[in-house]
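Features of the protein shown, as given by TrEMBL:
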type	residues	note
DOMAIN	3-192	domain 'Cytidylate kinase'
BINDING	GLY7, PRO8, ALA9, ALA10, SER11, GLY12, LYS13, GLY14, THR15	ATP binding site
Amino acid sequence: MIIAIDGPAASGKGTLGRRLAAHFGLPHLDTGLLYRAVAQRLLAAGETLDDVAAATAAARELDLERLDEGALRGRAMGEAASIVAAMPSVREALIALQRAFAGQPGGAVLDGRDIGTVICPEADVKLFVTASAEERARRRWRELVARGEPADEAAILEDIRRRDRRDAERPTAPLAVAPDAHQLDTTRLDADGAFAAALGIVSAVVASRTKS
Ligand SMILES: Nc1ncnc2c1ncn2[C@@H]1O[C@H](COP(=O)(O)OP(=O)(O)O)[C@@H](O)[C@H]1O
Ligand SMILES: Nc1ccn([C@@H]2O[C@H](COP(=O)(O)OP(=O)(O)O)[C@@H](O)[C@H]2O)c(=O)n1
């Protein structure tokens, strides 16, 4: 079974992806880490974020086994990731790796922005997870404070709005709801409530397939 989870920044995609993967015994890929890693490689090499050739080369060299999630999670890397993620050649370079992950025997859970629309249009279940921008900023603020990263909630809200706009307005693989996605608004749900709702959706799809 392939579960595709998409949604805007800090909506809870990764948290849901991890929990659904654990529940169903599937591998999980947070695809945002790939774009974050491309940006990090560029910056580490002293390149600028608008260098398409360098970004594409960095994307082609990515190795899933060597992603250092701790180093990629910070606020600056989210912003930088959305800049390189708007480059069609960077996205193209990352498609095969994501599809190979999804194609593992038994399936997988992937979360990102274009999983249900571009990477796995044939996914068994598609979730589009949302929450109000204010609630998402609060969640990201709590996360950054817990990481020991200085954070200002108003600035994070600005970041999130700017990044959502960039992700939704880019011409290639924009953040968009797949026509067959189940939308889940988690604004008023805690992480357990969101997981219960997501599990309900996935279980209903699994049950309907078993019957037919
Ligand atoms: N339903 C929820 N209620 C409150 N906090 C949540 C919820 N879902 C996730 N979080 C927290 O919000 C932050 C962002 O969640 P994450 O899963 O990383 O989102 P995304 O992958 O969409 O960026 C994390 O610190 C996570 O623990
Ligand atoms: N499948 C994906 C995943 C992420 N991204 C880009 O990578 C950036 C960082 O993604 P992320 O999922 O780590 O960000 P958060 O939602 O965790 O803040 C996003 O703002 C997108 O620009 C993408 O374009 N396509």
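Positions of Cβ are set from backbone N, Cα and C atoms, glycine also.
Curation does not apply to TrEMBL; its annotations are automatic.
Feature annotations (TrEMBL) mapped to structure.
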residue	record	contacts (Cβ under 8 Å, 6+ apart)
GLY7	ATP binding site	LYS13, ASP111, ARG113, LEU127, PHE128, VAL129, THR130, LEU175
ALA9	ATP binding site	GLY78, ARG136, ARG140, ASP159, ILE160, ARG163, ASP164, ASP167
SER11	ATP binding site	VAL129, THR130, ALA131, ARG136, THR186
THR15	ATP binding site	ALA191, ALA194, PHE195
Surrounding CB atoms that lie within 10 Å of the CB of LYS13 (ATP binding site), all protein chains: 26
